[in-house]
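Right, one structure below, let's go through it.
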Amino acid sequence: MKKFTSVSDVENLQQIIKKALQIKENPLSEPEKGKGKTIGLVFLNSSLRTRLSSQIAAQNIGLNVLTLNAAQEAWNLEFADGAVMNGDTVEHIKDAIEVLNQYCDIIAVRCFAGMKNKEDDVNESILSQFEQYAKVPVISLESATRHPLQSLADCITITENWKENRKPKVVLTWAPHIKPIAQAVGNSFAEWMQEMDVDFIITNPEGYDLDKNFTKDVKVIHDQNEALKDADFIYVKNWSSFDDYATMPEVKENWMLTNEKLENTNQAKVMHCLPVRRNVELSDEVMDGENSIIYQQAKNRIFSAQAVFSEILDKMNSK
Amino acid sequence: MKKFTSVSDVENLQQIIKKALQIKENPLSEPEKGKGKTIGLVFLNSSLRTRLSSQIAAQNIGLNVLTLNAAQEAWNLEFADGAVMNGDTVEHIKDAIEVLNQYCDIIAVRCFAGMKNKEDDVNESILSQFEQYAKVPVISLESATRHPLQSLADCITITENWKENRKPKVVLTWAPHIKPIAQAVGNSFAEWMQEMDVDFIITNPEGYDLDKNFTKDVKVIHDQNEALKDADFIYVKNWSSFDDYATMPEVKENWMLTNEKLENTNQAKVMHCLPVRRNVELSDEVMDGENSIIYQQAKNRIFSAQAVFSEILDKMNSK
Amino acid sequence: MKKFTSVSDVENLQQIIKKALQIKENPLSEPEKGKGKTIGLVFLNSSLRTRLSSQIAAQNIGLNVLTLNAAQEAWNLEFADGAVMNGDTVEHIKDAIEVLNQYCDIIAVRCFAGMKNKEDDVNESILSQFEQYAKVPVISLESATRHPLQSLADCITITENWKENRKPKVVLTWAPHIKPIAQAVGNSFAEWMQEMDVDFIITNPEGYDLDKNFTKDVKVIHDQNEALKDADFIYVKNWSSFDDYATMPEVKENWMLTNEKLENTNQAKVMHCLPVRRNVELSDEVMDGENSIIYQQAKNRIFSAQAVFSEILDKMNSK
């Protein structure tokens, strides 16, 4: 693996899931693999799980870790190519990346969608610069349109929780929220599920269909109850409108996931990437109930990251 | 030791003080004890000494350290059980703790009193959730009503500085401040002194008596000069009113500790947990004078933390 | 080396440059040198390169690292001696330093010029307190008037890039900016160049002459074109007026470095400490062109720091 910013960077999904599960069995099995190498974790946005799980994964594998809260600890970054920097921005992202090239063997970056300019977000205005200017492997810690370390953890979690001899029905359901947030987790989960051996559908209100570039031919159902029927896994996540970008078209039905809605399912396991707004996206009873595998998902973020770091180090060490 | 949030978690105080002093002699005597284990240091509030001494202690003992400035680096936390999270809070403390359970072998947390709602503070509205939801040992890095790692360091410091064949007289004296701050250090010191072989009294102005649940039968004197007479140790600390919660009843006398006030003492050693407001709580001459053992106290924070980590690891490793 | 706050702390400049270049060849050649010792990196200001390169250098040499963003993570500091601390400041710098003495074997600090009071800045009102109160070696991570780790990296970079049998002509040129910033990098570069075997001149607009205490007898030319003629190295940097302190006297000519201006030079290598305001201080074409050795300079910050840490540890270990 040369970099990790989407599912297309994974050569063999089943193999990396298997590797992650082996790492979970024995997280300290390769304690020297990253020895003498440094990973830079660059946060342009808040992070709990990604921050901690990436650090643990790096430590487990012997990588030195540099964590940078870019906005608070370093300088206000300019992202526009050719900018005359006579305003508030102090350092161009190109220069920051080139400096990280000097200091790091792997660069991991979190750069959320700005939610202001659709084109900027669709084109990954920040991550694309990391991909363009970084001379070392780049790992996404969630970008404008994708969250691949989360999606890999999701695949690991589904694999762990499915032992039957048929494809599970996996439903990605939109959930309510109080402000417009990005489609990254939804897009990414849709992409990865298409690579998994599952029956995958999406349900969301009218006006909330995700970008077709990610969902492709996946069936989208606008009736949540119909969609959830016989589900084996339900992935709960809010996103704002893609078509009328970053808006929140009115939704009349109540899309919050409740125990009542689980009744029509095949005792579906409930997933969420966290953080979750309790009693808005899903009810306390679901969150704290037996169907939730949400914390297990969070734990698997360690092994998702460690499997990716390990494969990237393999590639580097084989040169 | 299963957890460490108050003196009642200590089985044998003299023994842990002895252990801490042995660690001080040779801080790197157990460099592998925490190997492969991770401590999460979660800060909901500012910290200098606690932050650095905990990191050093963890490193000395071979623990991996994850430090999280929760508010700035992660998400705005919700603390109310059952909340409909349609406001400013993004993640429920229950979920954050459950995720920390997945990532950490020990969780240490700093969660000051909010100073707005007496009941919330008295009931340790935040720490109590860590105690309830954490599945790994919890260590307090100062909570609403206690600061046990400080108090243990205080016991270590008094032990180091007392060689006579009689009980020392230890006086906890209130000091002036410019805004209402918590009673945690005062409460905690009072609790721990009751477990030490010392003569302990408290002096504070009328209206500033600490919570009886911590001070119990300890004598409280409202005349500072009388209280300080023949003192061997003076612990200086401000706190706001407990009865008229978080207010600052007017105080007419000058309670700042000065060299003049030390004259009536038995060349008392002066203690303070830091940070201290110079020339408000105590004078420069006291702070910089020969009676101060305040920096020694600060140093002992390392060994206080390391002794606690060590005992908790002993318990974990013996399972 | 007992401390490192200016060029005068270096006994033999050529020798430490040589050492840094050896470290660059093999950064992990002394992995245990700092074992069991702790360096505290205290940031009172933003930092990217200094923060990361110091951490890498410390890790390479086996030092434990404690990083403290003092303002955000700890307490608001008081700097005035004798202050009655009844205002916004919570901890006196003297006390913070004394606590760092208890926790660290080396203290490194970044404390920029306040740019409000000339006397405070000239007298290094903050760094001087570290030098006065620290009982362990102090390293400047850039202070009010100097940036010695940068200057040492600059010397390393010039050495790497000069193979001819004559002294190179090195020109420090002022560059435009949009707000008044400190003279530290300019002062420091001037000091260090006077210790190097180079022909060194400075060019800046009228009203922008640096403090004579740093530039001494170095020739200052107010015509940029004349100064750049036949230059081998050009160091680009803005600073505000020293005479009319922290102001920005009007400048009519365009001082931004462009490829056109490089034509009169001896294919000069271009240097800058970063962060740089593109198309204000220098043009994109210069920054991204073949003459720039700016990222190499950034990389050399690691070896500059590591050489200094190594020499300081040598001194400590020889006691």
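Just so you know, the numbers here start at 1 and follow the chain as drawn.
Cβ from N, Cα, C; glycine included.
The domain 'Aspartate/ornithine carbamoyltransferase carbamoyl-P binding' annotation in TrEMBL covers C:3-160. Per-residue confidence over the domain 'Aspartate/ornithine carbamoyltransferase carbamoyl-P binding' (C:3-160) averages out at a pLDDT of 97.
Proximity of C:Cys273 (carbamoyl phosphate binding site) to non-local residues of its own chain (separation of 6 or more, Cβ distance below 8 Å) is seen for C:His147, C:Gln150, C:Asp154, C:Val185, C:Lys237, C:Gln297, given in sequence order. Per TrEMBL, the feature carbamoyl phosphate binding site maps to C:Ser47, C:Leu48, C:Arg49, C:Thr50, C:Trp75, C:Arg110, C:His147, C:Pro148, C:Leu149, C:Gln150, C:Cys273, C:Leu274, C:Arg301.
Feature annotation from TrEMBL assigns N(2)-succinyl-L-ornithine binding site to C:Glu142, C:His177, C:Lys237, C:Arg277. For C:Glu142 (N(2)-succinyl-L-ornithine binding site), the same-chain residues that are 6 or more apart in sequence and have a Cβ closer than 8 Å to its Cβ are C:Asn45, C:Thr50, C:Arg110, C:Cys111, C:Phe112, C:Leu149, C:Gln150, C:Ala184, C:Val185. Under the DSSP three-state reduction, C:Glu142 (N(2)-succinyl-L-ornithine binding site) is assigned to coil, being neither helix nor strand.
Residues or ranges marked as domain 'Aspartate/ornithine carbamoyltransferase Asp/Orn-binding' in TrEMBL: C:185-310.
A distance below 8 A between C-beta atoms marks C:Trp75 as the binding-site residues from C:Arg49, C:Trp75, C:Arg301 lying next to chain B. In this entry, C:Ser47, C:Arg49, C:Arg277 stand out among the binding-site residues C:Ser47, C:Arg49, C:Leu149, C:Cys273, C:Arg277 as having a C-beta under 8 A from a C-beta of chain A. Residue density at C:Trp75 (carbamoyl phosphate binding site): 18 other Cβ atoms are found within 10 A of its Cβ, drawing on all protein chains shown. Under DSSP, C:Lys237 (N(2)-succinyl-L-ornithine binding site) is assigned to a strand (E or B) in the three-state scheme.
Secondary structure from DSSP puts C:Arg49 (carbamoyl phosphate binding site) in a helix. Across the domain 'Aspartate/ornithine carbamoyltransferase Asp/Orn-binding' (C:185-310), the DSSP tally of helix, strand and coil residues reads 43 helix, 20 strand, 63 coil. C:Arg49 (carbamoyl phosphate binding site) sits 16 Å from C:Arg277 (N(2)-succinyl-L-ornithine binding site), counting Cα to Cα. In this structure, the binding-site residues C:Arg49, C:His147, C:His177, C:Lys237, C:Arg301 were compared by how many other Cβ atoms lie within 10 Å of their Cβ, and the smallest count belongs to C:His177. Ranking the binding-site residues C:Leu149, C:Arg277 by C-beta neighbours within 10 Å puts C:Leu149 at the top.
Less than 8 angstroms from the CB of C:Ser47 (carbamoyl phosphate binding site) sit C:Arg110, C:Leu141, each of them six or more residues away in the same chain.
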